[in-house]
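Everything below concerns the one structure shown next.
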Amino acid sequence: GSVFNCGETCVLGTCYTPGCTCNTYRVCTKD
C-alpha cells in the first residue's frame with residue numbers, strides 16, 4: 001500500500017509482523 005515501517009528489523013530476511021516484508025535495507029515494511 002503506502003510504505004509503512006513495521007518497526008522490525010529482518011537481518012535473517014524474515015518479518016514476524018503479519019503482512020510485512022523485508023526490504024533491501026533489512027527493515028520490515030508493509031505494502
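Any Cβ shown, glycine's included, is placed from N, Cα and C.
Features of the protein shown, as given by Swiss-Prot:
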type: DISULFID; residues: Cys6-Cys20; note: disulfide bond
type: DISULFID; residues: Cys10-Cys22; note: disulfide bond
type: DISULFID; residues: Cys15-Cys28; note: disulfide bond
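For the disulfide-bonded residues given as Cys6, Cys28, the lowest number of other CB atoms within 10 Å of the residue's CB is seen at Cys6. A 10 Å cutoff on Cβ-Cβ distances gives Cys15 (disulfide bond) a total of 19 other Cβ atoms nearby, all chains included.
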